[in-house]
């Protein structure tokens, strides 16, 4: 039976009249009490408010830590205002898909390249150099809506674990200004640890994300090799092997931010890490190694760091996870393994390079002597490590091949041990932050982090409280290649259990 549309319309209007009393009864009378006002200012924050808050914090703390190379506060505020305008005018679903991190401020290690900002490498000969483009990881963050605030300090050519150079000076640790903020991402570590940045872009060729993250009480993730692009990083190398050693990654106050940041920074390569897959902590196996055994070449691991690791292991054991001490081969030769990987590079960045006069030559011994008495245009650390990385005579060809083979064997053993559901706990570094100038005495301690650059494995630095001196301590969580999500999952669990980042007092 066909009913004309006009009759249907009339029937619906009659039904509406009949239901009106019921609608009034259910809906009740108009609300007489005033609607609750917004009392928490956090609910009304604009992007501009957040950016201004971080700018104010940076201005408060930077005189105490000297971490900023150059700021771009005026430009950041303009970008924040545009973000607020976009939020007010655009549809939420479109915004989330197009700009998932719209309006989030961040900071950038100078070497990672922020367009228009200095790219000096902490070198006097490059002090006028500016980045012509964003590094790829920085570009991916900006494309997601993030707002860069500044570029932060590094050692000269990133060749030290103390962030000092003759251009910007020395960066200080926010927990104790007498101590190093680490390097080479020390400026980032100090700013984030001081609560002056939510997260930052760092880079890591020999612990340069994880060590300063440890010293400054924050989280830092060194991804699987060649997942996040190192394009336009300075220094760099034409040797393809360099992509297996140097990685770009996030440093953050909060562990829960790491997967999102890695996903955005990796761009099209993020799918390799399967970060969108659900990870259940209860399914992860915990292996641990408190040190590399007795080795005169390595500093001893502080007992407080070992105790913190054992507490973390016990926490997971109490929650039903499988835990066991790792039994790895060749741990007595990890220093040689790591150094051989570095020395196998064919094109090593040279701090003595003169862009204006490429033919200019420097006497290594003369520059070393001048640097020791503070009369060189180059830093002492820069000269020492430049000599170390350019010297091919620490190992004979036979020894080098031997250690490179050991590296392959050790990597395979770790992969076989961890599989797709296991992680390995180790110290990120044997001690809490040393005093300034003590870094040389503890330099081989970076072997604990540098080894995993040499092997191309992901590692996540996790803060685990403080030692008796009030300095941050922690461990790194290592996983097999492309299993980064496991380490970051464990980091979130440890953050919840042990408190994560805590502001300097």
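Including glycine, each Cβ sits where the backbone N, Cα and C put it.
Automated prediction, rather than curation, is the source of TrEMBL annotations.
Here's what TrEMBL has on this protein:
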TRANSMEM  6-26  transmembrane segment
DOMAIN    49-485  domain 'Amidase'
ACT_SITE  109  active site, charge relay system
ACT_SITE  184  active site, charge relay system
ACT_SITE  208  active site, acyl-ester intermediate
Among 184, 208, the most crowded of the active-site residues [Cβ within 10 Å]: 208
Taking the Cβ of residue 109 (active site, charge relay system) as the reference point, list residues of the same chain whose Cβ is under 8 angstroms away and which are at least six residues distant in sequence. 151, 152, 154, 184, 185, 187, 188, 200, 201, 202, 203
If you average pLDDT over the domain 'Amidase' (49-485), what do you get? 95
